[in-house]
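Structure first, commentary second.
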Amino acid sequence: MKGCLATMDKELWIERANDSLVKHFYEQQSDIEQREGFESKLTFGTAGIRGKFGLGEGRLNKFTIEKLALGLARYLNAQTNSPTIVIHYDIRHLSTEFAQIIANVLANHQITVYLPDTYKTTPELSFAVRNLNTTAGIMITASHNPKDYNGIKVYGSDGAQLSTDASELASRYIEEVGDPLQIDIPISKQNTSYIKPFPKSVTDDYMKHIQNMIGYIPKSDLQVVFTSLHGTSVPIVPELLKSLNFNQFNLVDAQCKPDPNFSSVQSANPEDHRAFDQAVELANKSHADLLISTDPDADRLGIAERDAHGHITYFNGNQIGALLLNYRIQQTSQLRHRLMIQSIVSSELTKSLARYNNVKYKEVLTGFKFIAQEIRQLDDHQNMIFAFEESYGFLSEPFVRDKDAVQIVPLIIKYASELKLYGKTLKDELEQIYQTVGRHEDTLFSHTLEGLEGKKKIESIMTHFRSNPPQEIQGLKVKAIEDYLTSEVYHLDKDTTSQINSSKSNVIRVLFDEGFIALRPSGTEPKIKLYVSLKCPDFDDVAQKINAMIFS
């Protein structure tokens, strides 16, 4: 009977394909991909929803977007009288159409919607929520995912992504909508009056906040190459740099045009060195010093440096974090009660640097909303000078409550320009940090373990660490094991336990005098990540051996 219902369901969807906005994508998919759309369901989680285009409740299409919008409308109206919302969208396929659908549904429920007439960045959305004092915000993006993906992120009134509790409540309202093919949403001219133009003054205010943060960029002969990887950071980043009187940059023209197919990049992810290939070519031609890339929604940023001999140095997220923290420490030397916030899987290097400079630090679960939560809870006398995640997400000043590559681009240029005046590079500065606090190094291993066997393997690894805590790993003596699922720390050296004041998450962190390793399974994919952050000789060899020991 279940099979018959599934077949009927599929037939109903196919009958509505012409109205779905995604018929073309569906027709390009394999039989397996098509079937997945009917056999799965998109779920609204702590990061909203993200998925492929296609037919069925497991895919993004006109009907599943209407369901999401209707659930969010009911959720918002249950939270407050006369709710307001701002919607931004990136350059991806159907981002504009999804934004209009959501705006129409919300307006139909007497929710005032601010909707721009062009694409915007994710940090601009976070800023706009705060600037316009709206109840919520929606960002339509799938970050650096492939071209056949899109997604919806929902933000609260503080400009941060919804908390876990709020996400769960919104999810219940969405699920209560039921079958998306049965939704009937009449659009009246009276209700479309709730859709307002997005005020240009908000973008101007955002630019002013960054201009005030940067001040000025000192004159040097620093040359920069910038690529938006076909995303949203052009034109805002070039306009921002020019407003700061910095004109010594070249754009990778082919990649600085919005393109939902990401035609000229192998990867639209600044973590991936391949994302810099065309930037490197241009840097070699123009003899540039600094290469910067942002991901498609401009919340994350990667950098590389070219020396006088044409050698390219790529910096990982932890190294960029250390450089930016070092610079912010220099910039804020007059402030008291300084604070840095980072995720629990980010480097020991930044913590050591903070300690050395008498800057307090806090660690939070992965996900920038947890950093935003800490910012929200700060006392008036505390000064948050920097926050970051090792996955290339950084925030210098909290007028935005999400990762913000737009504010970081001029900051890193200012830093590099100052160094250039003294004949130094970012690589030199990183080496100086290592000499000051020790050579803490980091690497990440990501394992995809498919199917039931893969799931069992992941569970077995996590269970083993919980029930049989190791005394040592590759000659490194274990001090403590932090289990974020039980919110407990087991101190092996004292044979005692203590509590972690944190939300629960399926993460285990093993602490040594030399640093830590962390294990973190994905909640949505058949993946598990191993983070290694250590100060030890032969780091690469030790990290490889730890990885082999755990996953052999």
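Even glycines carry a Cβ here, placed using N, Cα and C.
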Of the candidates Ser143, Ser157, Ser163, Ser446, which does Swiss-Prot annotate as part of the Mg(2+) site that also includes Asp295, Asp297, Asp299? Ser143
Other C-beta atoms within 10 angstroms of the C-beta of Asp299 (Mg(2+) binding site) total 32
CB neighbours of Asp295 (Mg(2+) binding site) within 10 A? 30
Which one of these binding-site residues has the most other Cβ atoms within 10 Å of its own Cβ: Ser143, Asp297? Asp297
Env. residues of Mg(2+) site, Cβ within 8 Å of mean position of Ser143, Asp295, Asp297, Asp299 Cβ: Asp90, Thr122, Thr141, His144, Gly231, Thr294, Pro296, Ala298, Arg300, Lys403, Ala405
